[in-house]
Amino acid sequence: MNFEIKKEKNLLTKIILLSISIGSFMNFNVLEAKNVDDFRTDEYKAMGENVLDAINTAGAYAQGYTGKGVILGICDFPINFNNLEFREKNNSGMLNEANNGIYNWQILSHGTAVAGVVAANKNNQGMHGVAFDANIQGVTNADEYENDGLDFLIRENFWEEFLDRQDIKIINNSWGADNYLSNVNNREEYEKFFYDYISAYSAYNQIKKIVNKDKLLIFSAGNDGHTMPSVENVLPIWDNSLSNNIINVTASNASFFQKENDIFKVTSGALAMFSDLAQYAEDRTLTAPGVFMNTTYSNGGYIKDSGTSLAAPLVTGVGGLVQEAFPYLGGKQIGDILLSTANNQIVNTDGFFMTWQIGYNFINIFYTNDEYGKKAQEKSIEDLAEFYYEHNTNLINVMGVKSKDEFLSLVKEYDNVGAVKEFVDTPMEALFGQGMVDAEKAVKGLGVINVRRLTSEDISNDYTVAGKKEKQALYKVDTQGYNSIWSNDIKEIRAGYIAENPLGENNKDFNGKDNDIKDLHDRYIYYKENWIDRPLYDKYVVERYIEDFNNNIQNSGLLGLHAGLIKDGEGILNLTGNNTYQGSSIVKDGTLQIDGSIKGDAYSIDKGILTGKGLIEGDVYNNSKISAGSYGSIDTLKIKGNLSGDGEILVNTDGEKFNVISVGNIADISNMNVKAGQKAAPNITNKFIDANNLILVTGLNQEQEFSGLLNAKIELSGNEGILTTIANNNTKVYDETFKAINSMYSSLNSNQQSKMYDLYALDTNQATTALKEITGGFHMNMAHDIIKNRDVVTAVEKQTNLDRADSLWILNTKHWQNVDDINAQGYSLTIGKDFTNNDKNYNGILFSYSENSLGDNLNSGEYDNYSLGLYAGTKNRANTLTGYLSYGVQNNNVTRNIPMLDKVAKSDYDSNVLGLGMKYAYDLDYGKEHQWHIAPYGKIDMAHYKQNDFQESNADLYNQKINDYSDNYLAGEVGVEFNRKEESGNYGIKLGYKRLVSGANQDMKVTFVQDKTNTGYTINGVEESKDHLVLAGYIDKQLSDKWSVAGQIEQDWSSNSNELSTSINFNYQF
């Protein structure tokens, strides 16, 4: 659609749809896609003849890109998401509404048609959109649509809903004001044109705001057949800051685009006769099919339309595929990829194109700037018109001309009044901009570093071009932790003037080294011959455009600079193409991997790693890290020039060889450290570098630290650097574990040894952590908790607070404990039966079940405990004695994490505890009623813990084999109890000191399951402080003659532990 700007109080704007309705409705079928050709289903083809093939979408789908996880914005008429093609989209909808949400869908069809081209579902029926798995968020461009949608009131903030949506990076705009610069011929008119537009219409301010959020605006060019697009697309010539975030889209006829060896062989009908073109926007224009396309209809089903309104959403859809492939890119850089990967290899063997400039009653004939164009110029206008009609009958008929005679008569009438305008030496970019959008190439990453799309802020003189420090324009890429591949052959386009010689007399090899600026030369010739040297009405605008363009280039400082690339952010960016940009390739953070080739110099700086298995034709300056190989593979990185710097060389191994850096000239690594990369192993001797002239580090043949667990010796052999690795524990800790690791390594076969390469490659800090994780000790922490026999000890202790009688009791206990960084908790349920033969003595039996869990920041364990206990004691006397004997069994599960090696060890094993204990207390106030009783006490708890042998699983080589283990526990406690007995119950407190005589920590020898040498190493559990302070309180309430209830709370402190337990007890007396 487009609309004219009229300066009225309410800004009532007339709308002209940029689609020509054909009105046919269709149904289609689809096949399950399995490969590239299988994507070309009936549903795929249903959008129109050659439409999706012309933009190469099947190639993108075959690489796995369908728009998954992407949300695309559309600003248009409201979209009817009830159409079957949108129903499966769970994150699509309108972000606002017009007409109070009441729409005549038979009339307001434009937004739905656009949305279908972008992302209609792939659902075995109808057609599907370009990014068929993407979601759509729509906003209306008006608050009210009147006169059946032909008139509407412009919405002041029609992109407001998108401003803060970081997930929406691309916005389709298939509309535009019906204002063109073709009727402007002086400075006053030129400035008035933009001032009137800006004052009458909010789009300019909205574009400024949305561009500042780095959104990419895709605009349709317009359907009036002008040499230029409508005003929104030419705003950047007024405000250059907008130029990198707006893409103009012209319409092509896909049925006339036939590809041979990646070259489009087209005819005169390839350019849609109605399409506005690329004048003043050549660097940011794309073309896409826009003729006879089937898409979704707002009232259900499908409709056939034509227009740049349908060409633009094809580009938007491809942008969605790019966003899926490279989620770290913003709107501007998505635009860079779309423009730089478009197919501009277009050859028209007819030698001419035509457009019908309806609004101004012109027919435009464009003769191409090649031999075909020269031949076409030799023909008469009548002959060209007849030829054109015969090859474009259907479209001309749709545009209202129903016969050849009518068309020829119309052309003759136009010609007689000078309304047939002929343009000579027309470059393809004047019509198609940067070319036909190409989805397959776009999802392979950047195709060109276009310096014209950079700014003065991108200029650097810190790096070299062909070995010499000079200014260059650096394209910045922040991968933000993502790994991705750019597989296109990345070229460069320099910034130059629109002039016959854009970079002066010394840069005129337009078919050779200066081919990247040939478009500026061709553009100048086109403008000069058709405007500057001819009295066309808009000559002023052309001259102003060239002047402003050239001034912007001059002021930017980008003139003639070569392009380079600087990679920032974590993640791997792999360049697999043959990249010919002349500037440097710099990695500042993460990894820049050269698996293809780069023409210029390369740098590693800051935290960056330069790696790959390809070719660097220039010099390399390694001031951070460099390594040969692809994703850690054992390969050769070739450097045609020199290697120097003060960074690190990272070396990987496959157990026999090292990856190799091969330098064609001088390699001075005297200031570099040689370190392990991702894979390392002991006892390997081989080449790691060669050069025409190799300068090695000082101290040859002396051991130096290579990794946390390896040393290395470096020798010079001819022009090769020879590296030998030797096992050495540079961590200075966990020597037993280190020896066991090396013993196991020596006992393994080569395939098993390779699983340990990542361990040997860790640096000292990482290796220290890994050894700690491998050693473990959490099984001993489990034993430390179990050996305390907590369930029985707690049950017997709590029961002494009760008046013992023939009774049945139930005790529920919950405890929480931490010892250093070990946190534990558990719940127990104990059932007991007291027996009394006289009023002085009692005995009983108990059964306890508990569920317990332990954990630290890495490991976790659980065990279920089942205990049976016998107990006996005295009562109703000043001095009381209580004792118990118990036996418990445990089922234990431990998960031991080794995150440094991405391993998790699991074990399931049994253990048991034999417990014995007694307590003596003396009541100093025995026999006195209704007062506090003070009773000093002493107690002792003993336990013998034993666990069965078992083996861990799931951690591969790092599974531990643990033999039978046993340990003893002894704790003594002395203190004072304060008790008071009332008729309704008892209550009291105690304060005690506890000493752990034995069992405060556990340790044992273990081995690796696959270590044939059975070299053991010690694992240790937590060491709990031996001195404890205990504070407890209880209350016992007599509910009836038979029932009583009691509650207890106890706190146990030591210098590195803290345990809280609570319990509730129900007692029934027979």
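Quick reminder: no glycine exception, Cβ is built from N, Cα and C everywhere.
What TrEMBL annotates here:
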- Asp76: active site, charge relay system (ACT_SITE)
- His110: active site, charge relay system (ACT_SITE)
- Ser309: active site, charge relay system (ACT_SITE)
- 801-1070: domain 'Autotransporter' (DOMAIN)
A correct count of other C-beta atoms within 10 Å of the C-beta of Asp76 (active site, charge relay system) gives 25
Excluding its own, the Cβ atoms lying within 10 Å of the Cβ of Ser309 (active site, charge relay system) add up to 34
The number of other Cβ atoms within 10 Å of the Cβ of His110 (active site, charge relay system), counted over all protein chains shown, is 26
Across the domain 'Autotransporter' (801-1070) the predicted model averages a pLDDT of 95
The correct three-state DSSP answer for Asp76 (active site, charge relay system) is strand
Whole-Å Cα distance, His110 (active site, charge relay system) to Ser309 (active site, charge relay system), is 8
